[in-house]
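Enquirer: Taken from TrEMBL, the feature transmembrane segment covers 69-90, 226-247, 259-278, 285-310. Per TrEMBL, domain 'Ion transport' is recorded for 71-321. Annotation comment: TrEMBL describes 341-375 as region 'Disordered'. According to TrEMBL, the compositional bias 'Gly residues' annotation covers 346-355.
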Amino acid sequence: MFAQDNHRDTQETLAVLERLDLDTEKPTEEELARKFGYEDDYLKGTVSWWQHTKPQIWSLFDEPYSSNAAKIIGVISVFFICVSILSFCLKTHPDMRVPVIRNITVKTANGSTAWVLDKTQTNAHVAFFYIECVCNAWFTFEILIRFISSPNKCEFVTSSVNIIDYIATLSFYVDLVLQRFASHLENADILEFFSIIRIMRLFKLTRHSSGLKILIQTFRASAKELTLLVFFLVLGIVIFASLVYYAERIQANPHNDFNSIPLGLWWALVTMTTVGYGDMAPKTYIGMFVGALCALAGVLTIALPVPVIVSNFAMYYSHTQARAKLPKKRRRVLPVEQLRQPRSAGQGGGIGMPGSGPMARRMNQVKTKDLGPKI
């Protein structure tokens, strides 16, 4: 029974790894034909030019390990992703921004006029704009090529990583339009907040790293444990926030930081997650006792589900390493039901059937020898 459970768990794990598409070997032409839906034309030998070129383009841009050219395209894609993220971060540095100066006419005390230079705002250096133009030109080209050569358009459009790529690339063009037509608005700077979605391009690296795929799958498989962790944290935060609020009001406390329970929620969250900013702290002895209990409860609450998440990651990672060492044709493990095929009563000897096999023939010979003298 235990062996069957282990086998079933292994089958489920291998099925998950099969969906993650972690193979780094180049697929055969027959596998490509089956994937792109022209298997009949491939068997008949009537493959058109586009049917032959489309899988090659798809492998070039979507499967970085399929060929040396695909590895080069993958390196270029990772380079533009890193440059885009680096440019997005550096353009917020004060030394990388250019002040916007304007002349203001003011009246002096004697009634004359004078000019005053006023710094109204700062803009990113123009070099970052050209860097983003080049990076987004590559991202746009990559999206169009992958969409045209994709084997399944609906699956391609609904993919979560591709959706992030659409929105991040579209935000650049929307930002250009807003800078052109809405820069005169007072709250135009707030619109730059939506450009933060470009940082989500880091998730595109999952196509180039099997470790990130395994990590994301680990969080998916550990969804129940994570939900349980959040539930216990919320429960503890509410309880200890209420306790510390009333504990700080029992004794005389002129420097009370807990003026309401919502403020105590922030303190309980920071304490239970062992961050401890120190911006809020209990001053009374009863409040300190509640804070100690809150810290201990947070350590225990976080430590309980973590081994389950770590074991899930270790399981997926070990199966991935073992699967990578097997030949590609032997990576798929058949279920038990396919290995033990039922046989009808009228069929001859088979493996594992009574009255068949070498042992059964040897027993029949012994019976024949025993019956010989009596006949």
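Each residue, glycine too, has its Cβ placed from N, Cα and C.
Where the annotation comes from TrEMBL, it is an automatic prediction and has not been curated.
Could you tell me the structural context for the features on the list?
Expert: With a threshold of 8 Å between CB atoms, the same-chain residues lying at least 6 positions outside the transmembrane segment (69-90) that come near it are 59-61, 63, 96, 128, 131-132, 134-136, 138-139, 142, 195, 198-199, 201-202, 204-205, 207-208.
Counting residues 6+ beyond its ends, the transmembrane segment (259-278) has Cβ neighbours under 8 Å at 233, 236-238, 240-242, 244-245, 291, 294-295, 297-299, 301-302 in the same chain.
Among residues of the same chain six or more beyond the transmembrane segment (285-310), those with a C-beta under 8 A of the stretch's C-beta atoms are 218-219, 222, 225-226, 228-229, 232-233, 236, 240, 243-244, 247-248, 250-251, 258, 268, 271-274.
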Enquirer: Six or more residues out from either end of the transmembrane segment (226-247), which same-chain residues have a Cβ under 8 Å from its Cβ atoms?
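Expert: Same-chain residues near the transmembrane segment (226-247) but 6 or more away: 219, 258, 260-262, 264-265, 267-269, 271-273, 282, 284, 286-287, 289-291, 293-294, 297-298, 301-302, 304-305, 309.
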